[in-house]
Amino acid sequence: MLWALFFLVTTIHAELCHPDAENAFKVRLSIRAALGDKAYVWDTDQEYLFRAMVAFSMRKVPNREATEISHVLLCNITQRVSFWFVVTDPSNNYTLPAAEVQSAIRKNRNRINSAFFLDDHTLEFLKIPSTLAPPMEPSVPVWIIVFGVIFCIVTVAIALLVLSGIRQRRRNNKGPPGVEDAEDKCENIITIENGIPCDPLDMKGGHINDGFLTEDERLTPL
């Protein structure tokens, strides 16, 4: 009796799961290429884990919460680690629509890959497009980064304006360079008229150049 029941179940599974069957998906793994010397052997334990991950993904779909590991069937398993699988309905002997299975796999693709230490290129669902990895969120909000950059620019601009004002004020306080030195040099210049040295006229003190005094003016007492 048990042998007959086992044979019946096997026959039903063979009818539901076979290459290119309705709602069936092919999976291909490249364990050696992904892990190198740390590659593991694909055995019945790995098959059980795969079925568990598919059942887990299906239980996330509305109205598919009753999906169990036994509802995930594998067939045509090869040594190069490729196989086909289908997901059967819990109450009836038919496979679930491919669209539901595909949606469930896509939503949990990262979880399935992580379970086998693989990625979308080394664990391939041939009829299911690869999903993009979620974008990395920066640890610091973007608006804080933008605010910090603007604040630094404004601070540098204010500092440059203050330094420029201080330099300009110092230049104004000193006045034009060389003016006082030129005046001093002009006062000390001694001119020569007709071979007679003449002192410049001191306009400030009313000094008279002796070179232009007559003999009477020089001898006339004050």
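Each residue, glycine too, has its Cβ placed from N, Cα and C.
Taken from Swiss-Prot, the feature domain 'Collectrin-like' applies to 21-222.
A simple way to gauge crowding: the CB of Asn76 (N-linked glycosylation site) has 14 other CB atoms within 10 angstroms, across all the protein chains here. According to Swiss-Prot, the feature N-linked glycosylation site maps to Asn76 (among others).
Per Swiss-Prot, the feature N-linked glycosylation site maps to Asn93 (among others). The secondary structure of Asn93 (N-linked glycosylation site), as reduced to three states from DSSP, is coil rather than helix or strand. Packing around Asn93 (N-linked glycosylation site) is summarised by its Cβ count: 10 other Cβ atoms lie within 10 angstroms of its Cβ, all protein chains included.
What Swiss-Prot records for Thr214 (among others) is phosphothreonine, and it gives a large-scale study or a structure entry as the kind of evidence.
Under the heading phosphothreonine, Swiss-Prot lists Thr220 (among others).
Swiss-Prot lists 1-14 with the feature signal peptide.
Here Swiss-Prot flags 15-141 as topological domain 'Extracellular'.
Confidence over the topological domain 'Cytoplasmic' (163-222), given as mean pLDDT on the 0 to 100 scale, stands at 60. For 163-222, the entry in Swiss-Prot reads topological domain 'Cytoplasmic', with the evidence type similarity to another entry.
Positions annotated as transmembrane segment by Swiss-Prot: 142-162.
With respect to their backbone Cα atoms, Asn93 (N-linked glycosylation site) and Asn76 (N-linked glycosylation site) stand 20 Å from each other.
Across the topological domain 'Extracellular' (15-141), the DSSP tally of helix, strand and coil residues reads 46 helix, 20 strand, 61 coil.
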